[in-house]
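Student: I have a structure here, written as structure tokens, and I will follow up with some questions on it.
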């Protein structure tokens, strides 16, 4: 039996017999001693090349986006069988992949949260681009486009980044009251998700300065410092993002850094001469065919739609805030931002409402 197996392998290596030929040739060369140990493996024939965008692809929540991917053969040739295309979403550390979809010919299947939202665009020969509709905040990240043709398997990675902003969040109970899972929940309640490090770094580079430490999506705790000062690690430390490293997700408590994207709808302000209680504010938004705005929606309207209002208004979490694009007298500090009055138990204010377009 060993002699028969060896004879069969030699026959396959000789190139005279290709029962599974798909356009590729793998020549198997034995060493001089003919002892069954490989001397060299080499590939001759067409080489499969997969290419995606070198630059990040930018989108925003609720939009449709196309992640480009094309493949080719060098030298050029058509595949001898239907190829298989697979798209996966990567973690930042590349240790785990989330299946997005697989396709063979015109047959495809999407998985998990991508069901009904992901399909291939094959508008041209050798195209394998991924179309994601109704983009969600957690779609932000790196995606792998993998093309399999017989024994050939090549891939490339494209980065999808959502246009958005990071904002720090404390619950009504006060500073450092959230474990990791509670931080995830409060961000979702505010129309956002926990930010990742890249999003926090981008926000810091754009001016975010926040002394309180907050959770990120990877379970680490960070604090972005633009102006070093004594309460924030000392005046002698350089500006940067202070890291507490990974913390216990159940036992340790901090604030949260939330990420919100550009809006599909609009945020507008309502008021009455005597102001409104929180419950009256919610009803006023409903009467206007809207709902009371969440914190993430107010930040997004300030950042991307230029909402500038020097009047305080209720938000859905019971906080009172107002957005300032152009600082001016009697409107708070000299820098643009979203000002907060905290969570007043009493008082009458206007309200910020959100309405889908």
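Cβ from N, Cα, C; glycine included.
Because the structure is a prediction, the values reported are computed rather than measured.
Found this in TrEMBL, in case it helps:
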DISULFID  211-232  disulfide bond
DISULFID  310-331  disulfide bond
DOMAIN    65-158  domain 'Ig-like'
DOMAIN    165-260  domain 'Link'
DOMAIN    266-355  domain 'Link'
SIGNAL    1-15  signal peptide
Student: Could you tell me the C-alpha distance between residue 232 (disulfide bond) and residue 331 (disulfide bond) in angstrom, no decimals?
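Tutor: Residue 331 (disulfide bond) has its Cα 26 Å from the Cα of residue 232 (disulfide bond).
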Student: Roughly how many Å lie between the Cα atoms of residue 211 (disulfide bond) and residue 331 (disulfide bond), rounded to a whole value?
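Tutor: Residue 331 (disulfide bond) has its Cα 22 Å from the Cα of residue 211 (disulfide bond).
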Student: Restricting to the chain of residue 331 (disulfide bond) and a gap of 6 or more, list residues whose Cβ falls under 8 Å of its Cβ, or answer none.
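Tutor: Residue 331 (disulfide bond) has long-range Cβ partners 310, 322, 324, 339.
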Student: Within 10 angstroms of the C-beta of residue 310 (disulfide bond), what count of other C-beta atoms is obtained when all protein chains are considered?
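Tutor: Its Cβ shell of radius 10 Å holds 15 other Cβ atoms.
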Student: Quick one, of the disulfide-bonded residues 211, 232, which Cβ has the fewest other Cβ within 10 Å?
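Tutor: The disulfide-bonded residues 211, 232 were compared, and 211 has the fewest Cβ atoms within 10 Å.
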Student: Residue counts in helix (H, G, I), strand (E, B) and coil for the domain 'Ig-like' (65-158), per DSSP?
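Tutor: Reading the DSSP string over the domain 'Ig-like' (65-158) gives 6 helix, 53 strand, 35 coil.
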Student: Kindly state the mean pLDDT of the domain 'Ig-like' (65-158) in the predicted structure.
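Tutor: The predicted confidence over the domain 'Ig-like' (65-158), as a mean pLDDT, is 89.
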Student: In the domain 'Link' (266-355), how many residues does DSSP assign to helix, to strand and to coil?
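Tutor: Its residues divide into 20 helix, 26 strand, 44 coil.
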